[in-house]
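**Q** Can you read through this structure? Questions will come right after.
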Amino acid sequence: MFTKNHRRMSSTSSDDDPFDVAEKYYGEERKKKLNRVRTFSAFESTKYGAGPISPLRPTYEPPPVIKETSEPLSSSSSTSSPPTLTPQTSQVQFNLGVGKTKNGSAIHSDSEEEEEDEDPVSNTKKGEADEKDPFDTTDSKLENENSTPSSITGKEIIPHPTGFRGSSEESAIRRKPSIIPIYHDNISQESVIRNANTPTTYNREKFHLRRGSLDESTFIRPKKYYINDVQGTLRELLANEDTDNNCQITIEDTGPKVLRLGTANSLGINQSSIRGTYRLSNLLQELTIASRFGRHQIVLDEARLSENPVDRMKRLISTSFWNNLTRIITKENIVDMAKDTKIKESWIDDQGKLHENQESHRIYVPYNRKDQYEFFQLIKKQRSDIQLDVQYLPQKIDADYIKSINKKPGLLSIATRPDPQAPDSGSLISWPYVVPGGRFNELYGWDSYMETLGLLTDVKIDPSGNPRNLRHLELARGMAENFIYEIHHYGKILNANRSYYLGRSQPPFLTDMALRIFNKTIEVTPELMDEAIDFLKRATLAAIKEYETIWCAHPRLDDKTGLSCYHPEGKGIPPETEPTHFNALLKPYLAKYNDIDQLDFIEKYNSGEIKEPELDEYFLHDRAVRESGHDTSYRLEGKCAYLATVDLNSLLYKYENDIAFILQSFFNDNLQDPYDDNNSNKIHSSKIWLERSHQRKLNVDKYLWNEQDGIYYDYNVKLQQQTNYESATTFWPLYAKLASSNQAAKLIDQSLHKFEEHGGLVAGTLKSRGEVGLTRPSRQWDYPFGWAPQQILAWIGLVNYGYDGIARRLAYRWLFMMTKSFVDYNGVIVEKYNVTKGAVPHRVDAEYGNQGLDFKGVATEGFGWVNASYVFGLTFLNLYAQRALGSLTPPEIFLRNMHPEQRKQYK
């Protein structure tokens, strides 16, 4: 028996979040719900109180709140699963042709026939101006990252006067949808909020239906599609739209750019069109993900296909990409983690069997970490199915030892803690970390700092007062803990935790990284103050050790200038490079030794049998370039170990001031060092660090600053002259607060224009790079390429000196370029971009190519510091700028058409 509190509605409606993470959206629970789908349900209690349902009664239900939770690689994955086991794609059979269609499957059409539920367009008359100045953002507040729009939740929105789409209204609100992507704007200012109990008065002139908003939800329930054959729809979609057969749908594909799908309310009988590259590529991504979760049938929210690209990028980075880039060493994945794919060797297993030219599985443990050695040996004993070689490192690690194990590569152990579930078992738990890209398993140096900036952006206190995204805080903390471990056991923060990187560091960021993690910890979990102080103490002591024993010691410190250089330890040819990487370099030496085989030459050169001083110097600089993190660039090639670079000395200046600040603010300017190698119980105070920073500034001003050009140059300590190479690292003194206010002003006035391009800051200028060609190929850290860390450090530096508007402008340029590529090219996020191009900035013609391009159907990781640059960069933009970004407004148009008062915010 039906009561007056019931109303008839579609059974496919639910309170499920249309933007939920893939595991929940396509997981087992959704599969169970799909089994109950039918054309119509019985009746369901109305949410609008007692009384009969009138045709004028509002029928709108506000969209569910967007939740930010963690998304694993697959429904069965966990932190203990092997990181290399990404979601399998074997279920997706791409490009197999078009199968027969059934009810609910895709029907591909570009016809103009009537559709069930088409997109509304504006009722505003052509040429009629809105009452509100579109450039006036005085009512707009900076949107918090990953916050959900309160304007569409918890309250009722004024419905259409008729409560439904009647025939009398059809001519005004129905037309064929545009091929241009229509993005749902989840934070529309046009949303009208009222109290449900307040009498309603309607003003038709106030109601505007606009592309790119959820206004249509005022009249109808958000649309859902019923796809009863995921694989068949995938094949149909790819066969018709993927004309270049790369399993992606982009603006370069020449298909009809329209696909008809069955609606969920009709169980697939009625059809509705999906149009445009962006929505179709999103459909491809969603179908690919559903297939990897083993789904054969799904109900798909239209909102997931039409999601504002800024919101979609931010959501995927926060809930999916970080998870897929997370690694943690466990019992289950230790073999996959230890495997070295760059170097193959011959080895004998425990049964005496010889394995030739195969990948080995080895892990090295510090000489004084017996607990880790026994733990890994226990894993080896418990798992007879694995071949794991566990080795101790010697106490003294030098260039000769590093060279001696070049043919026995292995993973270097990192920080662990006792398993709280079995404290007496000897079982250990590793700290998690984020890798740069999907193909990596190692912890990298300055990548981790940039990733930390992005991770911490998501860690907040929600409106209810509870911390959210604490997992991201744990990841940031884990990377810092691993750095502390590396400094104490390997002497430095490593390029990466592989044996052939033992002599090589990367740009130092530990002090700022530790301070940001400390501040975020006490912000969201103030009850952990004591633990946070202990963490800050250990990080500071580690940074002091790194500073004194690595960066300000031989061979990296130049005594004459008092400045530091990238100058790693090592001998021979780097073993991790591709076998053919040095072909051109070695060719004349092979001829010199009677056309000796290249592998034989490398063997004899590395052993010292062949001595070539010129090659020794070349590989010294080659290792130094890799330590700088800028591998490779003509700025550094052939001279890096002799350069006192502006980037390194800016970071060391920041170390000096950060350490002084920490000692003064948290440790009463008196911190005892229990790690002092001389066992002298050394006491650290701020005085010496302030003196060091003062002296470094004097040295930088003398040797690196060029008053005439208004720029910082590197200084060649061997030639005793500036290099005059114009590099974006000239902005790093702003990040470190090393420049005076006059130097900063001159740098902005005379040099910024040399680096500002369509997509942000270029790594170096065309003038400095020079001509490139077959004999002088492009280098990836030179013009015309731009990198996320260069943007991030410049933004921070500009704000440090009050140039907020310029930082905002540069951030908009970089984020627009990323968003445009994401929309036009199937959700791509890559390692680096050509910032001078507006059309295809993600295509990079330089060594190593561009990571992040090679995916089938859906990108699942992006690239670590590029992901970070996006979510971090959004914090520099107000709501108006973020909306312009979502509508793909190019920087030139965005800045040119801006209200004069607003334009001041970008200067």
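Including glycine, each Cβ sits where the backbone N, Cα and C put it.
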**Q** For the annotation region 'Disordered' in Swiss-Prot, which listed range does it cover: 1-20, 341-360, 561-580?
**A** 1-20
**Q** Do any residues at least six apart in sequence from Gln506 (substrate binding site), in the same chain, have a Cβ closer than 8 Å to its Cβ, and if so which, in order?
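**A** Residues satisfying the criterion: Tyr444, Gly445, Trp446, Ile493, Leu494, Asn495, Glu627, Ser628, Gly629.
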**Q** List the other residues in this chain whose Cβ sits within 8 Å of the Cβ centroid of the Ca(2+) site residues Asp242, Asp244, Asn246, Gln248, Asp253, in sequence order.
**A** Glu241, Thr243, Asn245, Cys247, Ile249, Thr250, Glu252, Asn826
**Q** Fill in the CA-CA distance, Arg439 (substrate binding site) to Glu831 (active site, proton donor/acceptor), as an integer in Å.
**A** 12
**Q** Rank aside, I only need the closest one: which of the binding-site residues Asp244, Gln248, Asp253 has its C-alpha nearest to that of Asp447 (substrate binding site)?
**A** Gln248
**Q** Of the recorded positions Asp242, Asn246, Gln248, Glu831, which one sits closest to Arg504 (substrate binding site) when you measure Cα to Cα?
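**A** If we rank Asp242, Asn246, Gln248, Glu831 by Cα distance to Arg504 (substrate binding site), first place goes to Glu831.
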**Q** Under 8 Å Cβ to Cβ from Asn246 (Ca(2+) binding site), same chain, six or more residues apart: give me those in sequence order, or none if nothing qualifies.
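**A** Listed in sequence order: nothing, so none.
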**Q** List only the single closest residue to Asp244 (Ca(2+) binding site), chosen from the recorded positions Arg626, Asp631, Glu831 by CA-CA distance.
**A** Glu831
**Q** Return the residue, from the listed recorded positions Asp242, Asp244, Asp447, Asp631, Glu831, with the maximum count of other C-beta atoms within 10 angstroms of its C-beta.
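**A** For the recorded positions Asp242, Asp244, Asp447, Asp631, Glu831, the Cβ with the most other Cβ atoms within 10 Å is Asp447.
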